[in-house]
Amino acid sequence: MILELDCGNSFIKWRVISPGGRERICAGIVDSDDGLFEALAGSGVKVQRCRLVSVRSDAETEQLVTRLKASLGVEVVCAQSSSQVGGVRNGYHDYQRLGLDRWLALLGGYHLGQRACLVVDLGTAVTADFVSADGEHLGGFICPGLPLMRDQLSTHTRRIRYDREVALAALQELEPGRSTAEAVERGCLLMLRGFVAEQLAQARSRFPGGFEVFLTGGDAELVRDAVPEAQVVPDLVFVGLAIACPLS
Ligand SMILES: Nc1ncnc2c1ncn2[C@@H]1O[C@H](COP(=O)(O)OP(=O)(O)O)[C@@H](O)[C@H]1O
Ligand SMILES: CC(C)(COP(=O)(O)O)[C@@H](O)C(=O)NCCC(=O)O
Ligand SMILES: [K+]
């Protein structure tokens, strides 16, 4: 069995796939290293190999890798920055600066789409990346994700305060808010949708020959109906991870 990890700024997404990579055995989302080891122990699967991508600090990533090696007794392969992989060329001036989750998601998108693509990843941050039909990464955009937007509002104001449960209920519709929770939650979601719509408009003008749109990340579902042509691929980073880190 192969354990795959996507260590984002807020959550670790994990899944276990069959040795040939065709079958998904189990998967989950945890908010800490401890949570990961608990979930793995609970799953009862025997892991033989492990590969991961992390956008956390080097120290945090090394700590997790050491613990994985010690507790599972496996080698751990970490995705590394690269200027070129799987027919895609990294578009950053300094390719090492491009977030590894972005790099893997766009490798995954280009692999699945086999033509120009726009990849939007909605997590702690929201990122959009463009890849041309011939595999040139044209760069992208980063903006705060929904959790950061709402946290900034409550941190920097005196009277924006409401509970998490009220927030979830507020997103059931997008009429102008009649409470603080509705006004903030809906306002931030409309900002996200506006961002995604703008990326779509840019992709249309950049790629007149057509393109695929991929949505991924924990908040992808929240913008899906703003982009009906998009494919929601929750495991897109893992598609790219398999390309960047093949296990022989
Ligand atoms: N089961 C879930 N657990 C945690 N967050 C979730 C879940 N489903 C959706 N989300 C949303 O996903 C967001 C985190 O997305 P994610 O892509 O995991 O972020 P990151 O990669 O930055 O850690 C959260 O803000 C939350 O709104
Ligand atoms: C943009 C990100 C913070 C997104 O992280 P996430 O929301 O997935 O946790 C991450 O890809 C990152 O740290 N990137 C480095 C900066 C860059 O890509 O330019
Ligand atoms: K992201």
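Glycine is no exception: its Cβ is also placed from the backbone N, Cα and C atoms.
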Task: From Thr124, Thr127, the one annotated by Swiss-Prot with Asp6, Cys7, Gly8, Asn9, Ser10, Phe11, Ile12, Lys13 for ATP - done: Thr124
Open item on the list: Over all pairs within Asp6, Cys7, Gly8, Asn9, Ser10, Phe11, Ile12, Lys13, Thr124, the annotated ATP binders, what is the largest Cα to Cα distance, rounded to whole Å?
Closed with: 13
Open item on the list: Checking proximity to ligand 3 here: which binding-site residues out of Ile12, Tyr92, Leu100, Asp121, Thr180 have their Cβ closer than 6 Å to it?
Closed with: Asp121
- [ ] Can you tell me which binding-site residues out of Gly99, Asp101, Arg102, Asp121 are within 10 A of Asp6 (ATP binding site) by Cα, answering none if there aren't any?
- [x] Asp101
